[in-house]
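Undergrad: Checked TrEMBL, it gives:
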- 13-369: domain 'FMN hydroxy acid dehydrogenase' (DOMAIN)
- TYR39, TYR145, ARG180, HIS264, ARG267: glyoxylate binding site (BINDING)
- 92-94, SER121, GLN143, THR171, LYS240, SER262, 295-299, 318-319: FMN binding site (BINDING)
- HIS264: active site, proton acceptor (ACT_SITE)
Amino acid sequence: MTLTNGYEQSDREEKLNILNLPSLEGEAKKIIPTGGFGYIFGGAEDEWTLKENTQAFNHAQIVPRALSNIDHPDLSTDVFGLHLKTPVMMAPTAAQGLAHAKGETDTAKGVAAVGGLMAQSTYSSTSIADTAAAGNGAPQFFQLYMSKDWTFNESLLDEAKKAGVKAIILTVDATVDGYREEDIINNFQFPIPMANLEKFASGDGKGQGIGEIYAAAAQKIGPDDVRRIAEYTDLPVIVKGIQSPEDALRAIGAGAAGIYVSNHGGRQLNGGPASFDVLADIAKAVNHQVPIIFDSGVRRGSHVFKALASGADLVAFGRPVIYGLALGGAEGVQSVFEAIDHELEITMQLAGTKTIEDVKHAPLTHFQYND
């Protein structure tokens, strides 16, 4: 363990023998301090939406196919002008130093090792430049929590562009912080500085709660902000936090190069639908105008398959990767991706799908079961 400002950070670096991703949660809870774990794990209010995010995948079923004459499914995919070895990506996830002393730099190494895509968060523990360098040339996106201070936004965007990120993800569902009871119970304040705030803002986030951090964020975000960021950076802008077809079309009308279907992992509006339950309708409205990224509740290779078959082009997850980071550093992150990719490969084989494009055209049934 590494002690930083009185907070114990894991410094493990080892491959993990993973039975399944849900099993990592309990193991990670043993080594991440209570406040840090509560921040990572917790959702809004009584966490109904958080729980339903994963349960909702049971609302659709994969049709097994035989006599398909295929073997060794190919997980590679091309999206946003990138060739990726897996359709599974690392969602933008804040403050990874809560899980491991090397934070986002180890995550970047682990994601790069599997040929995947990582999205950096505005509220990262490590700097944009250091995280990009740790990826050793692997593609990364940068996620922006838009500040009320446009100069701060420009500084972050300039730094991201200088670091070579391939796109900007604009988060639009966090103009205020969700009511997160775990953080209130634990009186949680960030013990680890946030590198981007430290470099470009008046503070570093250390000693603040999430409400204080969000207080500096823009509370009004509209289509003009999408246009402004696209024009300023000359990079693709992907709008994250979309949960309705109407908002997806509004974002595309403002120049969005991608739609990110997400309910923030159940951390913002409790009582909203599970992210998977709205994906197909959004994909139908988007109608292939731009690529779609999906997250919230992904824990299995079959979940990835169902999301792709429902209209997603990339499928992101966060919490399981952070648990892998805590338990094994960069190698732990790599192990998490390898585990879910292995499950996806098995699912593809049994569903008679050779490529990710085949998965996108695979039929799903929607039988309702009482259990």
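Glycine is treated like the rest: Cβ placed from N, Cα and C.
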Undergrad: For the C-alpha pair, I'd like the distance in angstrom between GLY297 (FMN binding site) and TYR39 (glyoxylate binding site), rounded off.
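TA: A Cα-Cα distance of 16 Å.
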Undergrad: How big is the gap, in Å, between the Cα of TYR39 (glyoxylate binding site) and that of PRO92 (FMN binding site), rounded to a whole number?
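TA: Between the Cα atoms of TYR39 (glyoxylate binding site) and PRO92 (FMN binding site), the distance comes to 15 Å.
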Undergrad: Across all protein chains in the structure, which of the binding-site residues ARG180, LYS240, ARG267, ARG299, ARG319 has the highest Cβ count within 10 Å?
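TA: For the binding-site residues ARG180, LYS240, ARG267, ARG299, ARG319, the Cβ with the most other Cβ atoms within 10 Å is LYS240.
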Undergrad: Please work out the number of neighbouring Cβ atoms within 10 Å of the Cβ of ALA94 (FMN binding site), leaving out its own Cβ.
TA: 24
Undergrad: List the same-chain residues at least 6 positions away in sequence whose Cβ sits under 8 Å from the Cβ of GLN143 (FMN binding site), in sequence order, or say none.
TA: PRO92, ALA119, GLN120, SER121, THR122, ILE168, ILE169, LEU170, THR171, LYS240
Undergrad: About how far apart, in whole Å, are the alpha carbons (Cα) of ALA94 (FMN binding site) and HIS264 (glyoxylate binding site)?
TA: 12
Undergrad: In whole Å, how far does the CA atom of HIS264 (glyoxylate binding site) lie from that of ASP295 (FMN binding site)?
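TA: Here the two Cα atoms are 8 Å apart.
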Undergrad: Which one is it, among the binding-site residues ASP295, ARG299, ARG319, that lies nearest to ARG180 (glyoxylate binding site) by Cα separation?
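TA: Out of the listed candidates, the nearest Cα belongs to ARG319.
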Undergrad: Using the alpha carbons only, what distance in Å do you get between ASP295 (FMN binding site) and ARG267 (glyoxylate binding site) once rounded?
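TA: On Cα coordinates alone, these residues lie 12 Å apart.
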Undergrad: Kindly state the mean pLDDT of the domain 'FMN hydroxy acid dehydrogenase' (13-369) in the predicted structure.
TA: 96
Undergrad: Let me check the 10 A CB neighbour count of HIS264 (glyoxylate binding site). How many other CB atoms are there?
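TA: Its Cβ has 26 other Cβ atoms within 10 Å.
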Undergrad: What does the structure give for the C-alpha distance between TYR145 (glyoxylate binding site) and ARG319 (FMN binding site)? Integer Å is fine.
TA: 19
Undergrad: Which whole-number value in Å describes the distance between the Cα atoms of ARG267 (glyoxylate binding site) and ARG319 (FMN binding site)?
TA: 12
Undergrad: Around the C-beta of ASP295 (FMN binding site), how many further C-beta atoms are within 10 angstroms, looking at every protein chain?
TA: 28
Undergrad: Can you tell me the three-state DSSP label for HIS264 (glyoxylate binding site)?
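TA: In the DSSP reduction, HIS264 (glyoxylate binding site) maps to helix.
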